[in-house]
Each structure stands twice: as C-alpha cells, then as structure tokens.
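Features as listed in TrEMBL:
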- 134-153: transmembrane segment (TRANSMEM)
- 165-183: transmembrane segment (TRANSMEM)
- 195-214: transmembrane segment (TRANSMEM)
- 226-245: transmembrane segment (TRANSMEM)
- 257-273: transmembrane segment (TRANSMEM)
Amino acid sequence: MLEVVPIIITVVFSFVVKNVFGSTGDRSQMFYTCVQDCLAKNCSDSAQDFQLSFPLRLMQWTCSDECKYLCMWPTVNWFVEAEIGVQQFYGKWPFVRLLGIQEPAAALFSILNLVGHVVMIRKFRKQVNPNAPFYLFTHVFCLICCHAWFWSILFHIRDVRFTEIMDYLGAFSMVSFSVYHFFARLTALRSHSSLYSLCSGIAIGFYFVYHSYTTFFVKMDYGYNMLINIAFGAVNIIGWSIWCLKYYKKRPYVKQCAAFIGLVAFTTLLEVLDFPPLFWVFDAHALWHLSTSPLAIFWYKFLIDDCNYLEGVVMDLEKLA
C-alpha cells in the first residue's frame, strides 16, 4: 500500500505529461540542428573514428543516443542564458551520466527501497510464526515489491522501451496486489474468507495479465494507464482509510497503518513539486525514491503486529471450538 499514491503521481507526471505535452528541449531548433550535424559527422558509415566508451556500450547507448546527450548540454546552456530556464528533453530533465547510468541518484535510491524490503522481510520472518495468517501472503508481497524496484533500478540506469514498460508494470503490480491485500484482509477470518480471497485474487490477476499483454503487444496507452492506476489507487487508499477508522481504537497498532497513509501522501509532494535536478543529479523524482525508502520499515512493522494479532485470534477461536 505504501507505494500506491507515489505510483499514481508518477504515472500522471512521468508518463502522461511526457507524452501529451512533449518537451520543449528536444523540439528546439538548436537541439535539432546540433543532433543532425552530430549524426552526419559521427554516425555515418564513413565515421569510423567515433567510438563509444565501454561503459556506454555496456549500457547499450548508441551513436544516436550519444549525439542527443552531447547536444542536450549546449541547448540547456542556451535556455539558461536566455533566461528561459532549464527545459526537459524527451520528457526528462537533463541529468549528468555516471558510467553510462542515466539517472544515478534515482537508481541508487531505488536500490535503497529494494534493500528495505529485503531487510524487513527477514525481520518479519523472525517475529512472525510461519503458521500465522498472511505469513506466506507477506512473502509474496515482498517478492512483488522487490521485482518492481528491480525494474525501477534498471529503468533509471537505462531508459529504453522495454525497461520503461517493465518499470510501469512493476509499479502497477504493487498497486494491484495492494488492492488484493486489502480485500483479503477485509474478509480475513470470516466465513468463506478463502473463497472471497481466491475470487478477488483471480479477478485482479487476470486483469493484470490482460493489461500486461496489451501494454507489450498492442499499445502503451499512457492515458488509460493513468486512469487504471488512479482507480486502483483510490480503492486502496479509501478502503484502508475506512478500515483504519473502524479499528484504530480497538487495536492500537492499526495507528501505524493510518500513519503510513499520511506519510506516503506527504512524500508525494516531491512528485507534484517537479523541478530541474539539483547539481544535475537530484530531481524531485529521485528525492521521492529517497523519501519512500524508509517507509517499508514502518509498513512491515504494521504487518508484523497484524499477523501476530490474527494468530492470537485464530488460537482463541480454536480454544472455543
């Protein structure tokens, strides 16, 4: 759940804005002329002296990509000198590469998020009985989150169509599984709870597979992607909020869940307040990744307390049976 709101904002700003409104930088005449001259000089069949460094070739940078990167900086300087301000290129702010890595800070902070899940699932395993409800469920949640952050790392290392789609689908997998988590938790310990959980899981799973197929093989529809993320995110946020309001007085640990919602909403301000990267490295999106990295700690603490609570309820029911 803790990733839901940032994902919605990310989809809105990173995908929809990028593709609907375009970018001033790459549409400028100066940039276009520079790129065309660079391609003619360095990327033609006769340009045998131009060689990319090993890190760039390892990261699958092409001669065309290199021309765009090299032409970006004089264009940025021209925008700044003309007091127009830093502009985006192909939907992204200009970043200084590090060994071929496009967005070093965002990649590093994505690693921190992944590590947070790995560390906390180990703590979860130590503090929760393997027979407790949602024990296996939490491991699946961790696996899905680690998979999503893995693709986030690769996407920020190198933005190509495949890594972009995998990053998006990884993010959507966290949103959709969080919705499934909510429905499963809502019906836990009720009669036919397994049936409800199974049906909701199959429905959400089939939709995710269908959406993944259309995204890969039909069309990457950014507007539609935004809408479904907003829809899934709204269900998740509203549902967990109502659940917290219902139980926070009866179960003190539920306040942790409520606090997460507020913290996550606060961190999304970094996505709303989009700005050019500081030192050409730290933009709002990278700082958002940094701000979300410790949230996994708080969320898993809630999951630990909730699983232990559910185990106690199950034991009490067994005693009464």
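Yeah, the Cβs are placed from backbone N, Cα and C, and that goes for glycine too.
No curator has checked TrEMBL annotations; they are predicted automatically.
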Cβ-based contact of the transmembrane segment (226-245) with the transmembrane segment (165-183), 3 or more pairs under 8 Å: yes
Which sequence-distant residues neighbour the transmembrane segment (165-183)? Criterion: at least 6 residues beyond either end, Cβ under 8 Å. 1, 3-4, 7-8, 10-11, 15, 137, 140-141, 144-145, 147-152, 154-155, 196-197, 200-201, 204, 207-208, 211-212, 215-216, 220, 225, 228-229, 232-233, 235-236, 239-240, 243
Residues from the same chain, set at least six apart from the ends of the transmembrane segment (195-214), whose C-beta lies under 8 A from its own: 169, 172-173, 176-177, 179-180, 183-184, 187, 221, 228
